[in-house]
Amino acid sequence: MLYGRQLQAHQTNRLWLTALVMALLAYLALLLYRLSLSMRNIHAANVQLSELQQQLEQDLQARTEAEQRFRQLFESIPDAVGVHREGKWLYVNPAAVAMFGAKATDELVGSSVLERVYEEDRPAFVRQLQRYVSDGNGSPLLVQRNLRMDGTVFTGEVRGVPFVEAGETVVLEVVRDISDRLDVENRYSKLVASSSAAIMTYADGHFLSANPATLSMFGVVSEEDFRQLLLADLSPSLQPDGRDSTKAIAGHIRAAMTDGASLFTWICIRSSGETFPVQVQLTALELDGQPVLQWIVTDLSEFRQMQAEKARLVAALQYSAEAVIISDTEARIQYVNPAFERLTGFTFAEVEGGFASVLRTAGTDTAIYEKMLATVNGGKVWKGEMGIRRKSGEEILTDRSIAPIFDEQGKVVSHVAMLRDVTEEKQQAQKLEHTQRLESLGILAGGIAHDFNNILTAIMGNAAMAERALDMASPARVLLGRIEESSRRASELCRQMLAYSGKGKFVVKPLNISSLVMEMTRLMEVSISKNVVLKYHLCEQLPLIEADAAQIQQVVLNLITNASEAIGEKSGVIGFTTGVMHADASYLSGSVARVTLPEGRYVFLEVSDTGCGMDAATVEKIFDPFFTTKFTGRGLGMSAVLGIVRGHHGALRVYSEPGRGTTFKLLLPVMDEPMEALAADHTGEWVAPVGDGVVLVVDDEETIREVAAMMLEDMGFETMTAEDGQDAVEVYRQHGDRIVAVLLDMTMPRMDGSECFRELRRINADVKVVLSSGYNEEEATTRFLGKGLAGFLQKPYSPAALRETMADIIR
């Protein structure tokens with residue numbers, strides 16, 4: 001029994017133990033379940049946290065990009081933009097730095113906002129700051145004066161927007177500089193207020209504004225009263241031509257709104273009932289985004305009255321030989337006489353009421369007209385020459401005198417102008433001036449020839465030396481020969497230019513006149529009209545004459561110029577014919593030279609044209625001094641041509657008929673020498689050295705010194721060089737015992753050739769000096785007469801010419 005109770009107790013304990021274990025297992029399972037749930041929650045939280053972090057990073061990136069875009073926009077705004085708190089700038093954009101005249105942002109940031117506000121405008125600005133804090137609303141658009149850093153004032157439009165940050169009110173403020181706009185508006189307002197014309201604005205059937213002239217013109221007391229008026233109140237019911245005023249004015253308004261403007265004359269009515277004529281200009285404008293019509297009304301009453309008053313003068317002016325214009329103070333034409341119509345081609349009806357500027361030429365500066373108008377309106381007479389444009393478009397020069405006309409109170413009310421055509425008179429004066437300038441042209445041509453010949457000397461000399469260094473079979477010799485030939489032709493062109501200007505003086509020498517004409521071909525082609533054709537019939541085997549080539553060239557140029565003028569703008573032909581003939585006493589007596597010439601053989605040159613021709617009376621006069629027909633003149637008249645012909649013991653015959661052209665026949669006596677007597681051209685090669693010793697080359701052109709020294713050294717000489725006369729004297733003083741000759745340029749800086757020659761003679765009276773110049777010998781040696789020059793070389797010279805000259809002086 002005891003055992004049974006023990007067994008029962010053991011079983012009972014076992015059951016409790018089992019229950020306890022089961023309970024512990026259940027609790028443990030519960031803990032594990034809760035732990036599992038917590039782990040899942042932690043994982044989910046980690047996922048959410050990761051997503052939240054990623055979203056935050058994206059938001060931060062977007063915010064950074066937005067801030068960058070905002071900052072770029074903020075800093076690119078042309079208006080001044082700034083942020084301030086408690087009256088201190090926190091941030092400003094570059095436009096604000098520039099607008100307030102600061103050098104950098106730091107000058108504004110941290111400073112007081114009030115410092116940049118004009119003192120008298122600060123109270124209003126402070127009140128606005130207080131409203132920002134009290135109600136948090138943005139400000140309306142304010143106009144206030146602001147101060148730059150240097151104290152200057154500008155007017156700005158200011159708008160502020162408050163916002164709260166960290167519990168404090170911060171203001172974003174935008175400032176726009178409107179100083180220029182206000183200046184324009186003020187000037188326009190003053191212009192409108194001071195205008196004598198009535199100026200109004202009109203929209204939707206009502207007047208919006210009117211200047212003082214409007215009130216005065218229509219007899220209205222105030223602008224407010226005028227704004228109450230309707231269009232119908234300003235015009236009689238009918239216009240003089242019977243049109244209904246209301247309908248007619250509506251048509252003009254539609255035209256202005258469609259086309260942008262409308263100009264017309266009208267009859268208006270004052271508040272007193274008086275009617276008066278006006279000119280109305282309607283212009284369509286836009287004001288604050290709305291279409292507006294601007295009216296400019298000019299009272300024509302006084303203008304019409306002045307027209308009537310001027311009518312009394314018409315009879316006296318009708319027969320004036322000079323053109324007369326009567327105009328008002330604004331240069332609007334009120335009257336012109338018949339002489340004006342003849343002068344300009346405009347009728348009175350075409351210019352009445354218009355401005356005198358209708359005559360203005362395209363090249364006349366507007367400022368000249370403004371100054372002229374101001375002078376006459378100031379009560380003074382204006383006189384001067386001024387070009388005008390005819391109705392045909394032709395421009396002529398007039399001598400103009402404009403005088404003011406005064407009313408009883410001494411006020412200038414109109415102008416009277418008298419015009420005289422001085423075109424031909426001016427042209428004659430210009431021709432005279434042109435003739436007087438020819439002497440200066442000769443000096444200029446001489447200078448050009450001198451410099452050009454220096455260049456040609458270097459070209460010819462280097463080409464010749466290069467050719468000498470080549471084998472006879474070298475193809476380059478042909479090219480170098482062409483260079484030399486072109487240089488000689490260019491030199492001849494210089495001589496022709498001197499002849500054309502009348503400055504060249506050349507020695508008499510054997511001359512083939514056919515060759516001379518051919519050499520002048522290019523010069524003649526550019527001297528005549530493009531409509532003229534040159535034809536040549538030249539004898540090749542022509543005997544020589546003894547003549548000054550430059551003077552004969554002058555004769556030919558004069559004849560061809562006159563022939564071209566005779567042909568004019570139409571097409572035509574100028575012919576050249578050369579030949580040789582026997583002239584007896586009877587034939588020679590028909591010459592205009594009026595000198596007795598021996599019978600014999602004469603070379604002739606005929607210059608014929610297909611121009612207008614001349615009658616016998618004109619032919620008799622063309623050789624008189626200062627006589628002219630249509631010839632433009634080149635500084636060489638036909639009387640001078642005749643003088644040259646006489647000087648060459650020649651004759652000149654003229655054949656001409658009106659409408660059949662003209663032929664001039666020049667006869668010059670044949671030389672006794674055969675054609676081979678023509679002077680050598682000095683273009684051949686030299687074959688042996690000339691001598692030895694030192695030659696001093698003096699020239700301010702380095703290329704000339706180099707090429708001359710090279711040619712002289714090739715002849716067996718040694719050389720020394722000097723760049724001007726002063727250097728040459730020093731070199732000669734040191735080495736004169738070795739120097740056998742001096743090649744001296746004439747025109748040099750510091751000391752010219754003439755002075756250098758005198759100094760060299762003081763050192764050695766027997767010094768052998770060869771003068772070299774781009775001028776011809778007669779001109780160049782004028783200052784050396786009697787001084788013992790050893791020789792002369794005209795530039796450009798060839799090696800052969802230099803060799804011949806040096807050989808002469810060494811011998």
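Using N, Cα and C of the backbone, Cβ positions are placed for all residues, glycine too.
Nobody curates TrEMBL annotations by hand; they come from automatic prediction.
Of the given residue ranges 42-69, 406-433, 770-797, TrEMBL assigns the label coiled coil to 42-69. Neighbours of Asp745 (4-aspartylphosphate), defined as other CB atoms within 10 A of its CB across all chains, total 28. Look at Asp745 (4-aspartylphosphate): DSSP puts it in a strand. Counting C-beta pairs under 8 angstroms (sequence separation of 6 or more), the domain 'Histidine kinase' (447-672) fails to reach the domain 'PAS' (309-353), with fewer than 3 such pairs. A Cβ distance under 8 Å defines the sequence-distant neighbours of the domain 'PAS' (309-353), meaning residues of its chain 6+ beyond its ends; these are 303, 359, 369, 373, 377, 388, 390-392, 396, 398, 405, 412-421. Looking only at the domain 'Histidine kinase' (447-672), the predicted model's pLDDT averages out at 79. As a summary of secondary structure, the domain 'PAS' (66-136) carries 41 helix, 13 strand, 17 coil according to DSSP.
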